[in-house]
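Heads up: the structure comes next, in structure tokens.
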Amino acid sequence: MAELREASSSGDLTVVKRLVECDNVQVDAGDDYGRTPLIFASWNGQLHVVEYLLDHGAQVDVADHGGSTALRFAASEGHLAILKLLIDRGATVNTADLNGWTPLRLATERGHVDIVKCLLEHDVDVDTRDNWGSSALRFAASDGRVEIMKLLVEIGSARVNQAEGHLGWTPLMLATWNGHINVVRYLLDHGADVDAKDNGGSTALREFIQPLPVKFDCDMALRLKQALSHQEVDGDHKVQCFIYQLLINRMQGIDKSYDNGSVRGNLNSVLGSAKMWIDRFEHQPTAVDLVKTVFRGFSLHRKIDRIVAEYFIVDSSEFHEWAPLCLNALQAAKRDASP
């Protein structure tokens with residue numbers, strides 16, 4: 001009956017009681033889409049109506065024509081109290097709609113941390129995949145939901161290296177592609193395989209540099225760089241350009257922190273020519289040449305030498321493996337600049 005569904009949706013408990021107790025309206029009567037009063041009440045956060053309907057015979061796991069139950073709507077909309085009540089009354093936590101979307105997947109996508117935690121505490125299956133082969137972990141990685149990622153891994157024992165979807169991307173690949181540094185760090189700290197390859201043979205680092213974004217997070221990039229050997233770096237031009245942009249990013253940080261006008265002008269000049277070089281793919285310089293070119297122009301300033309050393313070698317422990325390369329390039333730039 002439409003009136004009962006409307007009253008349930010709006011939370012008008014007085015009308016709901018009248019219809020159920022006096023007019024003997026069926027509590028599970030659905031609309032054209034199969035949505036019952038319980039579904040409408042759960043969807044719209046009407047806790048007291050949900051409780052009343054359950055007390056008066058509403059079936060907790062009745063699904064609409066799309067396969068969605070009251071629990072699915074409560075999880076999707078973030079109604080924790082209703083979710084707990086439905087579970088206490090026997091709702092199935094691992095139910096899925098016709099798309100294969102589970103309450104856990106929907107809560108993850110919407111960012112409902114408390115809902116995810118509650119579902120995990122009731123033994124929901126974290127590895128269930130939808131019709132496109134994606135689990136809740138995939139959406140946490142793709143959307144940058146680091147708190148939910150922690151819950152899925154630490155409570156639900158989700159596998160951080162599972163490949164999903166038709167591309168075979170791992171959570172690390174998804175997080176790097178979308179630039180979610182906190183998720184990347186968490187995954188690396190919890191055993192993510194930087195050498196894992198997708199169906200096209202690409203690693204997480206290659207997925208990270210594929211769009212060649214203007215801004216890089218140096219710490220994330222340097223950790224991901226471990227996936228490639230030095231030989232691969234020198235043989236892959238996109239990786240070379242990535243290194244080049246990475247160094248430019250560091251130089252921009254130096255530029256902003258240094259107030260000397262003449263030095264600033266010199267930095268801007270070097271940065272400008274460096275950015276132009278990135279687009280000149282036909283030159284294909286080696287990694288050493290890229291570093292040398294970035295350093296070129298700084299050798300006339302002792303203070304810049306010191307700052308460069310601090311930024312590239314001393315300040316960042318992540319740069320230890322690059323230290324010889326940076327030092328050699330800096331010395332080469334000095335020699336080239338000498339009369």
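Positions of Cβ are set from backbone N, Cα and C atoms, glycine also.
For 33-65 (among others), the entry in TrEMBL reads repeat 'ANK'. Within the same chain, residues 4-5, 7-13, 16-17, 20-21, 27, 71, 73-74, 77, 79, 81-82, 85-86, 89-92, 95, 97 sit at least 6 positions outside the repeat 'ANK' (33-65) and bring their C-beta atoms closer than 8 Å to a C-beta of that stretch.
Sequence-distant contacts of the repeat 'ANK' (66-98) (same chain, six or more residues past either end, CB-CB distance under 8 Å): 33-34, 36, 38-39, 41-45, 47, 50-51, 54, 60, 104, 106-107, 110, 112, 114-115, 118-119, 122-125, 128, 130. Per TrEMBL, repeat 'ANK' is recorded for 66-98 (among others).
Note on the repeat 'ANK' (99-131): residues 66-67, 71-72, 74-78, 80, 83-84, 87, 93, 137, 139-140, 143, 145, 147-148, 151-152, 155-159, 162, 164 of its chain, located 6 or more positions outside it, place their CB under 8 angstroms from a CB of the stretch. For 99-131 (among others), the entry in TrEMBL reads repeat 'ANK'.
The repeat 'ANK' feature in TrEMBL is assigned to 132-157 (among others). For the repeat 'ANK' (132-157), the DSSP-based tally of helix, strand and coil residues reads 17 helix, 0 strand, 9 coil.
Look at TrEMBL and you will find 167-199 (among others) tagged as repeat 'ANK'.
When the repeat 'ANK' (66-98) is classified with DSSP, helix, strand and coil residues number 17 helix, 0 strand, 16 coil. Taking Cβ pairs closer than 8 Å, the repeat 'ANK' (132-157) reaches residues 100, 102, 104-105, 107-109, 111, 113, 116-117, 120-121, 124, 126, 164-166, 169, 171-172, 174-175, 178, 180, 182-183, 186-187, 190 in its own chain, all 6 or more past its ends. The average pLDDT for the repeat 'ANK' (33-65) in the predicted structure is 96.
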